[in-house]
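Take a look at the structure below.
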Amino acid sequence: MDTCGVGYVALGEAGPVGNMTVVDSPGQEVLNQLDVKTSSEMTSAEASIEMSLPTPLPGFEDSPDQRRLPPEQESLSRLEQQDLSSEMSKVSKPRASKPGRKRGGRTRKGPKRPQQPNPPSAPLVPGLLDQSNPLSTPMPKKRGRKSKAELLLLKLSKDLDRPESQSPKRPPEDFETPSGERPRRRAAQVALLYLQELAEELSTALPAPVSCPEGPKVSSPTKPKKIRQPAACPGGEEVDGAPRDEDFFLQVEAEDVEESEGPSESSSEPEPAVPRSTPRGSTSGKQKPHCRGMAPNGLPNHIMAPVWKCLHLTKDFREQKHSYWEFAEWIPLAWKWHLLSELEAAPYLPQEEKSPLFSVQREGLPEDGTLYRINRFSSITAHPERWDVSFFTGGPLWALDWCPVPEGAGASQYVALFSSPDMNETHPLSQLHSGPGLLQLWGLGTLQQESCPGNRAHFVYGIACDNGCIWDLKFCPSGAWELPGTPRKAPLLPRLGLLALACSDGKVLLFSLPHPEALLAQQPPDAVKPAIYKVQCVATLQVGSMQATDPSECGQCLSLAWMPTRPHQHLAAGYYNGMVVFWNLPTNSPLQRIRLSDGSLKLYPFQCFLAHDQAVRTLQWCKANSHFLASAGSDRKIKFWDLRRPYEPINSIKRFLSTELAWLLPYNGVTVAQDNCYASYGLCGIHYIDAGYLGFKAYFTAPRKGTVWSLSGSDWLGTIAAGDISGELIAAILPDMALNPINVKRPVERRFPIYKADLIPYQDSPEGPDHSSASSGVPNPPKARTYTETVNHHYLLFQDTDLGSFHDLLRREPMLRMQEGEGHSQLCLDRLQLEAIHKVRFSPNLDSYGWLVSGGQSGLVRIHFVRGLASPLGHRMQLESRAHFNAMFQPSSPTRRPGFSPTSHRLLPTP
């Protein structure tokens with residue numbers, strides 16, 4: 001930097017150092033300025049001033065070229081220089097400020113500071129300022145009006161600095177000072193440039209807006225576009241001609257239709273127009289469409305919109321991720337199914353031969369007061385108007401699942417379940433338990449949306465097991481079902497599905513279930529009914545390895561989860577000690593697969609890790625991506641795992657004791673059912689918890705007073721159903737969880753009751769039950785701790801909701817009863833909860849996607865159809881799927897030929 005620049009900075013832009021300003025006395029400032037700015041042709045007065053200046057230090061002398069002024073400054077008039085010299089004599093001594101003079105406000109009061117002697121002057125060159133002593137300057141900045149000499153010096157400095165004021169890096173138009181306004185600050189101009197550059201980048205990244213096909217060509221891109229005018233010119237005057245006005249009006253019309261899809265492409269606008277409704281991180285400025293009005297079922301359209309969306313998403317997902325045939329080696333063999341005699345089957349049958357008394361009240365229908373008592377493995381006919389079905393399993397229900405059926409098959413629906421043999425039996429979880437049990441398969445017939453089921457629910461066959469209690473059971477999601485009439489060479493049987501059982505002895509059993517028609521055709525005509533079989537499983541899954549196998553180390557197996565996407569080769573299980581274990585079912589590794597002498601397989605896990613400090617109560621696989629898994633344990637934690645990095649969970653949440661999870665297909669989170677023992681007051685119930693990717697807070701789906709034992713979600717409907725200890729089964733339609741649920745209004749409109757079970761006392765004579773307490777809805781039964789005491793003095797009252805329509809839902813009696821129970825219900829926990837609901841499952845099949853099965857402590861299983869959520873869109877999908885299924889699967893010949901391939905007749909080339 002030359003001395004000219006240093007002299008100008010010292011005078012015009014003195015920088016603050018500490019609390020003082022670094023300037024010399026006015027006379028010294030003028031001398032330094034003149035020393036730097038004078039030319040080679042000086043007057044005598046200027047020469048005398050030059051001689052009074054101190055000698056510069058070595059190395060800082062000015063060369064003649066540096067001391068020469070620019071040509072435009074050499075034309076300075078002599079008159080100004082003489083006036084400058086005359087004024088120098090007047091300001092050679094500092095002028096003291098007047099004591100009563102005010103400067104912008106009140107005068108400061110206090111002791112005066114002693115004046116320090118002026119230090120010897122030194123040339124203002126870089127590096128000579130005393131940085132260690134910032135208070136070494138002798139004189140503060142002079143107050144008061146500036147003298148004529150100072151004004152002349154300021155004018156001279158501005159003229160000298162004008163050629164260097166413009167920076168080549170900034171456009172000249174950015175720093176123009178508007179007339180009558182203050183100059184724009186540097187920060188504001190930089191921010192404006194940044195916004196303009198950001199608008200240009202967004203405009204290039206966004207697709208071009210769709211223009212009107214019949215409109216003229218867009219104007220030249222060199223002309224800046226006008227985004228939107230506040231008002232048209234009065235009288236419609238034309239300024240730039242008709243063609244330009246025509247382009248302008250077409251542009252405004254397109255923007256009105258598309259709601260400002262992106263920012264303006266022009267960078268010459270002072271402020272880029274960005275819509276305020278555009279969310280952060282989104283690439284489109286389109287607003288969320290508003291669904292106003294009411295749907296035909298009586299619910300608002302904004303509540304039904306996620307349901308219609310889930311239908312499309314689930315249909316597309318199953319077409320891409322499901323298969324028609326998997327595990328071809330596990331075909332049922334007739335010789336492995338041994339039919340038990342009545343004496344042999346007796347230890348495996350439930351002890352209760354008759355159900356407790358129960359009555360059903362249906363909303364909108366007259367009460368008949370009929371009490372029902374049905375036999376074991378029997379059912380009652382479906383109601384002709386409400387289509388609900390009930391049957392008795394013989395014991396408390398602890399495990400339940402639907403058999404998956406391909407879309408469009410139109411076949412009968414089946415459910416597999418396990419009931420405890422004894423109504424009063426308890427199962428300790430801390431130790432392994434084995435004993436007789438019965439796995440039941442029930443046929444429900446063809447469940448449709450157009451008509452009432454014509455057939456009763458019937459017991460198909462049972463499988464006798466010696467592995468104790470079955471805590472969980474899961475069917476293979478797809479690829480395990482084939483047509484009932486599939487011709488098989490004996491002893492092969494057409495397969496209904498692959499079923500995995502989580503047993504209390506620590507083992508996981510895998511069964512290949514045949515179609516009932518083919519299996520029952522193998523038994524003799526005088527066979528005992530019901531049919532109970534002793535079956536050899538196709539595979540036994542154990543923890544450990546071939547060298548070290550100790551099932552007691554992990555404890556009981558409490559939960560199962562089958563990989564939801566094809567080829568469904570992985571099966572996960574949760575154990576009592578907090579371990580999560582994974583098996584590769586089609587593995588050929590000799591370290592993981594052993595063939596036993598009876599022909600069955602024994603499989604060992606390929607991966608396991610400690611997920612929780614206590615028992616793993618439930619597992620849920622992410623349907624959209626099989627790399628992710630959610631688990632909930634007795635340590636009150638919910639964890640999300642990436643199976644590629646199982647050493648640490650993605651997210652861990654400790655809130656309450658969770659009983660079951662439901663992970664719906666379209667959403668990035670799980671719906672959680674909880675035990676009320678650790679729940680805060682008013683927060684017990686059902687919550688939706690985000691996995692952590694979107695960062696949403698927990699959404700309170702529905703409040704519950706008692707423990708929610710079971711939870712199930714329907715991917716087709718975007719709806720969850722929950723059954724609790726108080727005997728109430730409710731359903732809740734989830735909002736679109738891809739958006740933040742914090743803005744969801746009136747969640748009470750999204751949930752509705754399906755039925756409510758109450759334990760009602762009655763008189764000694766069954767013909768005269770006390771219906772007064774049932775009608776009041778406030779039962780007050782005596783405390784009975786055993787099943788026998790309870791059924792001798794009570795009966796169950798099921799109060800069903802009309803699910804065909806939801807018109808005026810908030811004012812209907814079942815809805816008011818549900819809301820009253822959410823706030824003022826009283827639980828009696830020191831008696832047998834005979835009305836409690838233990839398991840709830842939505843049908844995963846498209847042909848029966850609106851049907852729901854539930855059961856609990858009483859052993860009664862009930863089936864309901866949520867007819868109000870069925871839509872014409874779902875019916876159209878069913879018809880399309882049936883046509884597609886019939887085109888893919890040709891009807892097979894009834895005759896069996898030797899050597900016929902078991903699978904070649906089933907699959908056709910994919911179109």
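Cβ coordinates come from backbone N, Cα and C, glycine included.
Copied over from Swiss-Prot, here are the features:
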COMPBIAS  35-46  compositional bias 'Polar residues'
MOD_RES   Ser63  phosphoserine
COMPBIAS  64-81  compositional bias 'Basic and acidic residues'
COMPBIAS  114-123  compositional bias 'Pro residues'
MOD_RES   Ser132  phosphoserine
MOD_RES   Ser165  phosphoserine
MOD_RES   Ser167  phosphoserine
MOD_RES   Ser220  phosphoserine
MOD_RES   Ser260  phosphoserine
REPEAT    465-521  repeat 'WD 1'
REPEAT    552-593  repeat 'WD 2'
MOD_RES   Ser597  phosphoserine
REPEAT    611-651  repeat 'WD 3'
REPEAT    832-874  repeat 'WD 4'
MOD_RES   Ser871  phosphoserine
MOD_RES   Ser892  phosphoserine
MOD_RES   Ser893  phosphoserine
MOD_RES   Thr895  phosphothreonine
MOD_RES   Ser901  phosphoserine
Practice problem: Take the repeat 'WD 4' (832-874) and find every residue of the same chain, 6 or more past its ends, with a Cβ under 8 Å from one of its Cβ atoms. | Solution: 297-299, 304, 307-308, 311, 315, 318, 350, 352, 355-356, 358, 387-402, 404-405, 407-411, 413, 415, 417, 419, 423, 442, 444, 446-449, 457, 477, 709-717, 719, 721-729, 731, 733, 754-755, 757-759, 784-787, 789-791, 794, 796, 798, 800, 803-806, 881
Quiz item: Who are the chain neighbours of the repeat 'WD 3' (611-651) in space, where the CB to CB distance is under 8 Å and they lie at least 6 residues beyond its ends?
Solution: 317, 321, 429, 555, 558-565, 570, 572-580, 582, 657-663, 665, 670, 672, 678, 689, 691-692, 715
Self-check item: Three-state secondary structure, Ser597 (phosphoserine) (per DSSP)
Solution: coil
Quiz item: Going by DSSP, is Ser871 (phosphoserine) part of a helix, a strand, or coil?
Solution: coil
Exercise. Take the repeat 'WD 1' (465-521) and count its residues per DSSP category (helix H/G/I, strand E/B, coil), listing them in that order.
Key: 5 helix, 24 strand, 28 coil
Quiz item: Mean pLDDT for the repeat 'WD 2' (552-593), as a whole number?
Solution: 93
